[in-house]
Amino acid sequence: MQSSILILAAGLGTRMKSKKPKVLQKICKKSMILYILEKAFKISDDVSVVLSYEKELIEKEILDHFPKTKILEQDLNKFPGTAGALKNYKPQAKQTLILCGDMPLIKEQSLKKLIDTNYDFNVAIFNAKDPKNYGRVILKEDSLEKIVEFKDASEEERNVSLCNAGVYAINSDLLMQILPLIDNKNEAKEYYLTDAIKLAREKGVLIHPVFVDEFEFMGVNDKFELSKAEELMQDELKKYWMKQGVIFHLPHTIYIDPDVCFEGECEIYENVRIEGKSLIVNSIIKSSCVIEESEVFNSDIGPLAHLRPKNIIKNSHIGNFVECKNAKLNKIKAGHLSYLGDCEIDEGTNIGCGVITCNYDGIKKHKSIIGKNVFIGSNSELIAPVNIEDDVIIAAGSCVDKKVEKGALFINRATSKIIKDYFYKKFQ
Ligand code: UD1
Ligand code: CA
């Protein structure tokens, strides 16, 4: 193993203006810290995270997903700042890669570029269009001279657009020598890791700047940056799927989770949201559908349909205002305004407008099993548990509360009555 990895995540994250710690803020429904951990474990198996604020909460989230992570604690009162975070750290490998918990967009490839052992001190830098509060990088020929924190920078230094990404790959022995020399004599009275550069230079070490992408290495400090990071992640994801052959209409209006998968030829209309481990195969998802954790094969869904979790829908037409949950549907049509929950419906069956599976009795959920070639008339209620066998006709407006055998007609409605001239008798 070439590098030990340390992820800094002990800061208060005050700019988020939230009780929830910064690194647990979510991007595409996943805590920010998990993105960088995933990349870290691809490169090293000595991965540590420094925590302090809401340590237990963050530790749980980390260990639930990456149980091999080593957790360290920073004393923010005694040793505040990014160098204070390294106080109790002992790397195993010859090189230490330091990352921040608030950088969810970094790619594995870029980290590999940084752990270049030809140099004792690599610093990731980028040219920013809007350098905001990033630490400014002062270069001297090919080497990096120093990093000045925005708060401490002069007017001239603030005009520099070269920024410190906050990611460093340092020879571990060198790091251990320098750390005790860092002081807190600055505007924020914090121990700045960025001061390690100046100190290493004083030891004659050449600081190697590694140019990286500004957006990939963005630090997410507030809710605006959180939304930007999510947007960038969405752009990446949709670009990937479009390259795989998926059609997205007005892609900037579409949201997909990182775990969503497409196969074959799919077409996704505007304003669609697809979440969780959904799988869409050779299907059309029309405008304004919401799909959660469901599988859709050779079907057309929507517009305005809601697939809640655990549906498996094959060769079917699901129209507008149809809600499905835990429904196994095969070759069916449900054109409009239905609730199909906890059910299995087999091929050739037509679900009329307004059909409802009454799956909940107030305590438990029950199943509706519906066979092949069933015609369910509009506005029928199926009181689960219920079983409707093949080739059945359910008359419109029926309340199905018992098993219906193969080939039967089921009808239960109040008999209709017409009382002639009733209106005139009542009101005159
Ligand atoms: C830091 C850099 C800045 C760089 C920017 C890149 C320093 C002093 N500044 O600024 O040069 O341009 O990142 O995004 O390093 N943290 C701790 N303990 C602390 C303070 C912070 O673990 O005492 C952690 C935070 O949780 C965070 C990371 O370190 O994950 C960076 O801290 P943050 O406050 O976001 O630093 P920036 O002001 O963004
Ligand atoms: Ca930051």
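Each residue, glycine too, has its Cβ placed from N, Cα and C.
Per TrEMBL, the features are as follows:
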- His336: active site, proton acceptor (ACT_SITE)
- 8-11, Lys22, Gln74, 81-82, Gly135, Glu149, Asn164, Asn221, Arg308, Lys325, Tyr339, Asn350: UDP-N-acetyl-alpha-D-glucosamine binding site (BINDING)
- Asp102, Asn221: Mg(2+) binding site (BINDING)
- Asn359, Tyr360, Ser378, Ala396, Arg413: acetyl-CoA binding site (BINDING)
- 6-129: domain 'MobA-like NTP transferase' (DOMAIN)
- 1-223: region 'Pyrophosphorylase' (REGION)
- 224-244: region 'Linker' (REGION)
- 245-428: region 'N-acetyltransferase' (REGION)
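Sequence-distant contacts of the region 'Linker' (224-244) (same chain, at least 6 residues past either end, Cβ-Cβ under 8 Å): 16, 25, 27-28, 32, 104-105, 215, 218, 251, 254-256, 258, 262.
Helix first, then strand, then coil: DSSP counts for the region 'Linker' (224-244) stand at 20 helix, 0 strand, 1 coil. Looking just at the region 'Linker' (224-244), the mean pLDDT is 97. Break the domain 'MobA-like NTP transferase' (6-129) down by DSSP state and the numbers are 39 helix, 31 strand, 54 coil.
In this structure, the CA atom of Gly81 (UDP-N-acetyl-alpha-D-glucosamine binding site) is 66 Å away from the CA atom of Ser378 (acetyl-CoA binding site).
Of the listed recorded positions Lys22, His336, the Cβ environment within 10 Å is emptiest of other Cβ atoms at His336. Taking Cβ-Cβ distances under 8 Å and a sequence separation of 6 or more, the neighbours of Ala10 (UDP-N-acetyl-alpha-D-glucosamine binding site) in its chain are Val50, Leu51, Ser52, Tyr53, Glu73, Gln74, Leu76, Ala85. In the three-state DSSP assignment, the secondary structure recorded for Ser378 (acetyl-CoA binding site) is coil. Considering only the residues assigned to acetyl-CoA binding, Asn359, Tyr360, Ser378, Ala396, Arg413, the longest pairwise Cα distance works out to 22 Å.
Around Leu8 (UDP-N-acetyl-alpha-D-glucosamine binding site), the same-chain residues at least 6 positions away in sequence with a Cβ under 8 Å from its Cβ are Val50, Thr82, Ala85, Ile98, Leu99, Cys100, Gly101. Among the binding-site residues Lys22, Asn164, Tyr339, Asn359, the ones whose Cα is located within 10 Å of the Cα of Asp102 (Mg(2+) binding site) are Lys22.
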